[in-house]
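Pulled from TrEMBL:
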- 353: active site, proton acceptor (ACT_SITE)
- 352, 356, 375: Zn(2+) binding site (BINDING)
- 60-245: domain 'Aminopeptidase N-like N-terminal' (DOMAIN)
- 280-497: domain 'Peptidase M1 membrane alanine aminopeptidase' (DOMAIN)
- 578-853: domain 'ERAP1-like C-terminal' (DOMAIN)
- 438: site 'Transition state stabilizer' (SITE)
């Protein structure tokens, strides 16, 4: 599943549909967080509730399920006939059940009489129901029959309704599903745990003019005898699978289709009249299925794969086996009106979800403790897939900025958590759908792949998938397969990365010994707050690669650092050659070089002989070391001057993000205007070189870089950029010259940032007129740029209006929180004032946690949650109580700001005019 949105970064996975927040402003809820809350005298989250998994005395073999949704009254009727195995004699059956009313239930042992249940005991808090029978159910097989009714809810989970508008303007509703992690129980009583697998025979009774889809292909469609306006659609039996992967959709859709080279039928379902917008995703899916089949050497096991765009959808996408559901913005591409970043985003999401068809669906985690392996693996291999399909995207460099460095920023905090977290009660599952599961998980899988080598990695993956297909597995099972394939100590190495939080800082210094270079390496835990102060410093088994200027793209030496300190000799390295650790920025660690080694790397940055991904990793390490107080900011400035000729989009994007952190901090000081001048000086040269319009021969990355640079200049108030943005915006609104999709975000942002109420009204009108959800989201993300208090309030009110889809409200509020100092305060007050409505809307799911996280954008801790609201039982039961969010703010940012204030050198640089070509000004 993708917890995702539009920008190609970790932020999209955390449901923030706006510009990505600064890396250190990411939030994690962990056990260590609860402990620290007590030490600060703040109220912690509720203690973990006692939890027991379902008893094993009765288990399903097959579900025969028929559902009849009512798209007008928003209810559904259901009939379940489950072939079950009684493993131990009992007089009750315990199942998962939530928001469902059971009408009748019975059990018929094979070859014996039916026994009717005499009681239904609902345990609402644990989302279970116990069916009691008047006599003992003996061991053996039988059939469990249950008739039930439920509600097509509006909470975007379980079996729910999704609002859409027909081409004629009529508002209608589809019935759709979202079951991960634990919401299949809201559609039918079931054994809703990933390890309790069964086959499914699904039937849907639906209006005859509606499309009905499920995991498998349709095998029968016939009139429903009780109503001539309905039809009963039957689907083929599924393979053995977990309940959270079941899906069904009823609505109005068009589709485009093709067949992969392996003969699998691939369809992309779109809103009516928008089939053209499904062609890009169709192309990606048709390329992706054979790629994974060849990579895993395991065929795709189903006869078809459907990808469908859902109007109201909380996550980015969901990997239901054979029927993958997406937000519209994660699947639909308009050839004329979609920007380059949206194409890349769709390619990544499609690659992610189709990877799950093997890794997660064919072989499923035994329990949610191993969720990270599902999501971390898919979050890694999606990049491998996109690199295969679109090599021009330079996607692995973008991975370092979008996932690797952002995971490091979060994992360096004291309140991080290990990749693998023990999960008990299902309410804890949403807490681990976070950057550690996805981005750190992906990063350590990438490191593992590099350590093993592609050939042995693929061999191990095939062994794992073949051994556990249609079964469940744990993390250790994968390590065993990879260890058998490679002969390397995979479990020993990876346990140091998955079972303890954090990562190491590798300090290196060099000495020339005749024709060789002696390197002295040492490791210690990297902490955002500075040096590690615990008694026993954690240690990692670190795969380390070392390159030199002789061949910057190849590792001269690979070692496994399995001790706190070690010496390494590089043979035949001349005194004038530089040496760099972590080729390709693959190892999940930061590097601190001695001053002499750092100085020697500067020519490789200036002449671009150091590859882009290594330039990015080097500057990101330095910036993080400075924030942590390990090195001085002045030391970073020296290196930043070497980036004067930087042409790479991703490197610029990371530099821009680091500048954003500083800009946010300085918004609370007298230096804010100075930092805006620095932005203009830094980005002006590259902006002048790129210009506003594409040049012959430019590609995908040039389009991304142009949007980034013009957005930065416009937001900072660069005069020429502001004037041109206003001119182009005026022509766009008047229909004289429509803005290209790649220019809309920077232009919208610029005119709103420096506009008035009329500008905002025009933007809201464009939003209302937009027929494409991507354009609506594009506008929603920038509305918070407006600065006037009354307009900020107008935007916040708009966020809760019918004009904004429920899943997108968070992005509008987040845009306001990230737009200005006043916006942050206003957004915080708005959340407090509307907490009850917001909580009821999202029902404690990951959207509500994302809403809390957007408030982390301010480095100033507000007053504690109002006492009368804090006592609300709804808040307490959400497991995301407000004081937690206060404690989890990154106080390291404040510490760094204080260091900046105390640095006379930095203060001088802030006040001096530095040549505009120097990137050094970013770090003043």
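Glycine too: its Cβ is placed from the backbone N, Cα and C atoms.
Taking every protein chain shown into account, 352, 356 are the binding-site residues, and of these the Cβ with the most other Cβ atoms within 10 Å belongs to 352. The recorded positions near residue 438 (site 'Transition state stabilizer'), taking a 10 angstroms Cα-Cα threshold over the set 352, 353, 356, amount to none. A distance of 10 Å separates the Cα atom of residue 353 (active site, proton acceptor) from that of residue 375 (Zn(2+) binding site). For residue 375 (Zn(2+) binding site), the Cβ neighbour count at a 10 Å cut-off comes to 27, with all displayed protein chains included.
Here the Cβ of the residue listed as 'active site, proton acceptor' has 29 other Cβ atoms within 10 Å, regardless of which shown protein chain they belong to.
There are 29 other Cβ atoms within 10 Å of the Cβ belonging to residue 438 (site 'Transition state stabilizer'). Note on the domain 'ERAP1-like C-terminal' (578-853): mean pLDDT across this stretch is 90.
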